Amino acid sequence: MTVQTSKNPQVDIAEDNAFFPSEYSLSQYTSPVSDLDGVDYPKPYRGKHKILVIAADERYLPTDNGKLFSTGNHPIETLLPLYHLHAAGFEFEVATISGLMTKFEYWAMPHKDEKVMPFFEQHKSLFRNPKKLADVVASLNADSEYAAIFVPGGHGALIGLPESQDVAAALQWAIKNDRFVISLCHGPAAFLALRHGDNPLNGYSICAFPDAADKQTPEIGYMPGHLTWYFGEELKKMGMNIINDDITGRVHKDRKVLTGDSPFAANALGKLAAQEMLAAYAD
């Protein structure tokens, strides 16, 4: 007999009126083992350049009915690109807006993955003790050692990042100084920080999680309610072109902006980013 899993969001007892995704949605969109593969970089980078990860520092996202979605950065979307980049020779640092610890969607952690989990444990202290983004921004100049800014996905990227002047300054620095910008799924919501000033991403094309898909996820209990705004609509208003309208694991390169559509694109985005950065920073 087939056991039907519930489509009701699961209660997060750590906060009032907060919820994790339903058992059903987790059965459809998470796995205990990732699809990590193709980690083959025989001539890794040996220089000083590294990645700046701008991570989420808030867990609870209000929805239209007042319920809170218990979110953060998606582990697959964070760790698979970093696994590839690290294997290709690029170390990374983590920063959050507040300087407080990164929040992860632990319900999506590939807890049986024999490569990803040791990698996470090895670097957990970076996520637990991040830099404060304002301090990083204050030190940026043309000679800074960051080769790329990486904004992971997860609905946590919708909280704070789109309004942050420090996020805007970091992105402006990256584009103007010919550095890479890497993001996927909901991570490009951070680009909205550029709305109210100098916007060097005007005219760029990206992949991102479709608004249409976000509007469907409450039906299966992934979120306990609908979003109060949709980042894709806002990105288009600021002159960006989202080239996908579905979720296929697609990645895209527009100059040095590298993006993916969902967690299904995390491995491919990691490969693309590693290859592009190795080509740019070859010894």
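Easy rule for this one: first residue shown is 1, then count along the chain.
Backbone N, Cα and C define each Cβ position, glycine as well.
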Given Swiss-Prot lists H86, E91 for Zn(2+), the same-site residue among H111, H123, H155: H123
Rounded Cα-Cα span from C185 (active site, nucleophile) to H86 (Zn(2+) binding site), Å: 21
Residues flanking the Zn(2+) site, with Cβ no more than 8 Å from the Cβ centroid of H86, E91, H123 and excluding those residues themselves: I51, L82, L85, F90, F92, F119, Q122, L126
Lowest local Cβ density among H86, H123, which the record lists as binding-site residues, within 10 Å: H123
Same chain, 6+ residues apart, C-beta under 8 Å of the C-beta of C185 (active site, nucleophile), given in sequence order: H74, E77, G153, G154, A157, A208, F209, G260, D261, S262, P263, A265
Secondary structure at C185 (active site, nucleophile), reduced by DSSP to three states: coil
